[in-house]
């Protein structure tokens, strides 16, 4: 009750004294789950920045990945709460649109973090990793590392899931483009005809799935020498499968994410290179944008030439190659999450 | 003569319902005592009290003169009272042998029995076969066939054989012919007489008056939670028994409990 | 369920008893058994025959289609390695389902136990042997809670384990802070945790200790279920708990022992999981409950309890493994695997229903 009175009072104050003080602003962070380290880090970044700017931040999360209902309820709560803006990583990118529209109609700034909505302009702005670029970086690195052998490479593609979520498709296709393989339909994986691709298999993004998928593809062709993985746990699983047949040292594994165990694996030579993304930055930039919006009503603009605001991606490897910019694992460890 | 099983002043209440209201009971050696009563008269509560499935609130039970107190059917079984339930209490998917020895399996002697806890299947099968043939149930071909592959009468036969094999003092049978056809009922009645001829006293609960009058030595008539009368089938007609049971006729003098 | 059967069967038996004598029925049975009846009876006696046949046929078909790529010691033992975790968990699931229960928390127990083994070693610096024992105790304890709630509080197993699944999983994430312990650290500092990853190579055929453990576990369980009083009681409780109680089985004690054993086996699966993926990962094993139930059902164990054998479960798990690898080697979309496994599940339950109809 007191809280509500204060809220009303602060809105009155805000109306009386423009521009509003940042301290009167409240914001929401809605993530897919609060168990995945990626989102844990995101929350950390948002909380730290919100404290710094004196913003009252409330966090919500789905129970599991794909829990759409909880996210809709969270958006409704935020509207009722009188928040200025919402940072959202949507579980269901198209179904959430109507709830997002409702929030925008109520004057809230909605920023999609990490995962673009479908359509992407359903949110006021999107702060995300360029997943295609992330894939392209490791693709270029792998091709350059192999040199002339790239023409005879045997590539295993360890993807996310059979439903082909956007993030997974972008990374996959980016890798292939970077490696120099002609794409089929860039909106789906698995339709390429290049004989260098041994096959695609799905990992669910975890160790067990990564190992199984790698074993399946090895049974198909034991001479695989390049492995693309959707993320670092899948890469760790693939490495176990290779180790089981004694080929862990002559296969190049590349991955995407930049989590701390993943970067450590790059340092230890398990993974050749990984593209690191920055959930903390996404979140803190998002909070800044909401503060800005609350102060003078300006909305964040997308990065030039892209539909979203690119929060950056960096290739982490201890074996840099010419023509691909990279950072080493020490720097990667400083920037890693989870 | 000392009754094998005797109960005095048994009371059992379920909330405000009095299922047993100072009920008495006696079973003498070597007899078939039928227990009849209208639905709701409390005869199943009485039987449950005797077989250990229900603990009476008041009253005492004596087995061979010793006061006893059962807290579960297992207690009653250990005391020598075996019950053939109306549901037969058999596991349909398990074999005849498994069912006969359920809860009192025999283990192999020595290392394999003590350490590996291995069952002595051969000996259990032998005993089961022997018990079934004693009761003339040898039409059952394979002692290892599942109980669910038997006919209703055969199942009843197995259940009776189990009770007769392990019941050292009393066998209680709850509606053994209720689910059976004419011919199978007949066989089961013969079985009941066989068991008596081996010296075991039997408590028979049944709704079927012709069956009761055919096999019972005495008939315990239960009404309104207590014993209304005990009659001999030779002295009364079936309609008299029904009349006492429903209250249409007063219990005969001297027979009233 | 059983008493229902009896009630509906009553009238037909009345008629058959009235028209023929029991001995004549038996004779008729012996001389005029059709082939279908014989098969039905054989399956009734040995329910694991169906999955065994399906397994053999599918190995044969994929062998013909794929040749030496599939029919090699490497590929065939690879299937064993791929199914080992689910195989072990499914063995735990089997004994629970035999009691007409279900355990949705198996995967969560497995992961929590593996996390306990890992974190006790790396966070508290305990010797890995002690940590493993703590993990095994943790799994057994989770199983005990399940068993207590099912047997003593008398809540439905589905609800109990649905709740415990969430509770254990949340505990797992809270306790582990979702930290993965990497394979490199484990093999350097506590290789004992990866014990089940060790392997024996016999002419190209690779058997990990985990695979050997799975096979031995299934054989031991099959022995216990068939040759000990405890095993018979498990079946009796699943068949008809009231009947079992009345014939002198300690139903509560049997149920609690089954859930505890299930928890212990899941904890072993958690240990084997570390051997398999090298690392301790709190996010793995999310689908283990569904996959284990799938293996159990395809393996011919009745979800209604009391029927089936744990050998069938092993075959069921292997069938799923053969289909998964075989179809991937054929280059089929992974969706085909799910589709075929779905068909197998429905077929398996249909066969189970058919076997139940067996009677004289």
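Keep in mind that glycine also has a Cβ here, set from the backbone N, Cα and C atoms.
As annotated in TrEMBL, transmembrane segment covers the listed stretch C:104-124 rather than the other ranges in C:104-124, C:167-187, C:230-250.
With a cut-off of 8 Å between Cβ atoms, the residues of this chain six or more beyond the transmembrane segment (C:336-355) that come close are 40, 43-44, 47, 50-51, 54, 294, 297-300, 302-303, 307-308, 316, 319-320, 323-324, 327-328.
Spatially, the transmembrane segment (C:286-304) is not adjacent to the transmembrane segment (C:202-225); fewer than three Cβ-Cβ distances between them are under 8 Å for residues at least 6 apart in sequence. Sequence-distant neighbours of the transmembrane segment (C:202-225) (same chain, 6+ residues past either end, Cβ-Cβ under 8 Å): 72-74, 76-78, 80-81, 83-85, 87-88, 91, 94-95, 98, 195-196, 231, 234-235, 265, 268, 272, 275-276, 309-311, 313-314. Sequence-distant contacts of the transmembrane segment (C:48-68) (same chain, at least 6 residues past either end, Cβ-Cβ under 8 Å): 42, 76, 298-300, 308-309, 311-312, 315-316, 318-319, 322-323, 326, 329-330, 344, 348, 351.
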